[in-house]
Amino acid sequence: MKKLATILPVEAIRICEQIAASQQPVTELVFVAQRLELRYPNLKSSIYIDFVNGAMGYRCQHSGHKELLARAIGLKNNLHLNVLDATAGLGRDGFVLASLGCRVLLIEQSPIISALLEDGLARASQASKTALAADRITLIQANSIDVMMKLSAQDLPEVVYLDPMYPERTKSALVKKEMRLLRTLIGNDKNTPLLLKIALDCAQQRVVVKRPRLAPAIEGPKPDFMLEGKNTRFDVYLTHKG
């Protein structure tokens, strides 16, 4: 990540002040073994972001342009797309796109999730195998609708990527701890149709929406086409501005 140093104690103070002002549910952000972790009541383990090691590190090292996500954003025809990820969350898809050569603007409204992202990107920028990808990412803690509406014509991204909060499960299967946490911190996406509308006005080439495979499309215009995986579907809306 550009000009991002390792988080220091003074940075921890800033993060805590942001969280206090946001009136988010009570959580604990702690520094453990050189990383920032989030601990939440009723969750036995902590949550942190690691783009270097584990499953995410493996995915970034082995992702290719044939991956469904890469095909959905049109990476085959342009290896250096500017992508605005309007629902950054834990940043995984955005980091994969950066590892494939895209320049990615991550926008996350929650100051808590943004703090985790900032820490994860800082550590990724210091590891040789992820430093280039981290350098292609800019993180903004803000409301994505506000950001997109204020972009100048010259700053419009080629692709806007949306991964709105999935519909809550109604069956007995437990939602993953990370999804439970995100839902607690962010809530359900009630403005998804508006988010799509603004994204369509913003994207120069296309808007890509990630959905559960069997979920309905977002209310509004119909996608131009869909790409389906085993559990996930990408709805693609072509805009072709300029």
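All residue numbers here begin at 1 and follow the chain in the order shown.
Backbone N, Cα and C define each Cβ position, glycine as well.
Because TrEMBL annotations are produced automatically, they should be read as predictions rather than curated entries.
Fair warning: this is a prediction, and the values are worked out from it, not measured in the lab.
Together with ARG92, ASP93, TrEMBL lists one candidate of ASP163, ASP201, ASP224 for binding S-adenosyl-L-methionine, that being ASP163. Of all the binding-site residues listed (ASP93, ASP163), ASP93 sits in the most crowded Cβ setting, with the most other Cβ atoms within 10 Å. Other residues of the same chain near the S-adenosyl-L-methionine site, with their Cβ within 8 Å of the Cβ centroid of ARG92, ASP93, ASP163, are LEU69, ASP85, ALA88, GLY89, LEU90, GLY91, GLY94, VAL96, TYR161, LYS210. Secondary structure at ARG92 (S-adenosyl-L-methionine binding site), as computed by DSSP, is helix.
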